[in-house]
């Protein structure tokens, strides 16, 4: 609800005063009010509204978190099929390639699924992430997690010559893959990929954690015109509604004012290995607007959710540059970004060091122009697509209560959570 001639200036002819609605009316005139043109309004009491986006509430499908193309009954039956897991090293068999990057690895462990009846087959890669790899590597006694790689389905390894299992949605603390969501069919499961899963298991891995105190203490609201935010537009930091507005107003969008809720994001590597971008430097993308290379498309994903569990705004943090901004005592900085196109530098976060994106950095905000004043939930996930393997994902997300009061905002009661526990 707005006052003081919000959005428009009237001729100060007031027709409705003391309007009282229950919320289930379909027209404003169905609400109770004092009568047509009966009022005691002053000239600064023109009312306006800022409507919330008409988005559907998020509904977690607890019986189908992987959103597979099966009915509930079919999934129930597939989840009851028992199976065992074995592994085989790829050394000397294949030159394997990572599913989500361009690096090759010397050796990986092929995951072979053995249904209790029927021949051994492949694990479908469609829904298997580095979070699930933590469980698989521990189950086969080959490290604490690792990168997922793709291999061809070969008859000598997979007698069934097809995918016999879909496994995913592991939290990472399970002791074997049977404790994760698993759907097994000796005759084959629906899988878009034509490859099988292998894992480059490792004994040392990074582990990211967010500084929630810095997050809470840095929040503030700022309004800027779009011509101040050209770099952010180029980085696709805005929700889609902004780009639709620009397309419809190509000549005058620069003067549109946006409301941003800003905050700092400090992420520390508390693991035992460097956090390295999934892409090798040859595939990093140079952005002249910010004058450095992006080594990850999305390093952090920001969301604002209303009390009805509707996603009302969102943003993301591309890795403008991953580097060791500050480190623990006796830890030497190893990663530094380059601001020169010809020199890519070294990007990553060393163990004991942290990468710092302060609130005054570009895209370190969520656009809240189109949401009304009220109470919300702010949530963020780092390494949201799990492209970089970590040893632990229970600290990769943060959820906060959010208050927006028009000219001010705050995050409070922030807590670190598992990404699966977000709204």
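Start at 1 and count along the chain as shown; that gives each residue its number.
Even glycines carry a Cβ here, placed using N, Cα and C.
Per TrEMBL, the features are as follows:
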DOMAIN    1-52  domain 'SRCR'
DISULFID  21-31  disulfide bond
DOMAIN    96-202  domain 'SRCR'
DISULFID  170-180  disulfide bond
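Here the Cβ of residue 180 (disulfide bond) has 18 other Cβ atoms within 10 Å, regardless of which shown protein chain they belong to. Taking only the Cα positions, the spacing between residue 170 (disulfide bond) and residue 31 (disulfide bond) is 50 angstrom. Taking only the Cα positions, the spacing between residue 31 (disulfide bond) and residue 180 (disulfide bond) is 52 angstrom. Figure note: comparing Cβ neighbours within 10 Å for the disulfide-bonded residues 21, 31, 170, the maximum is reached by 170. Residue 21 (disulfide bond) sits 48 Å from residue 180 (disulfide bond), taking the Cα positions as reference.
The predicted model assigns the domain 'SRCR' (1-52) a mean pLDDT of 73. Secondary structure at residue 21 (disulfide bond), as computed by DSSP, is coil.
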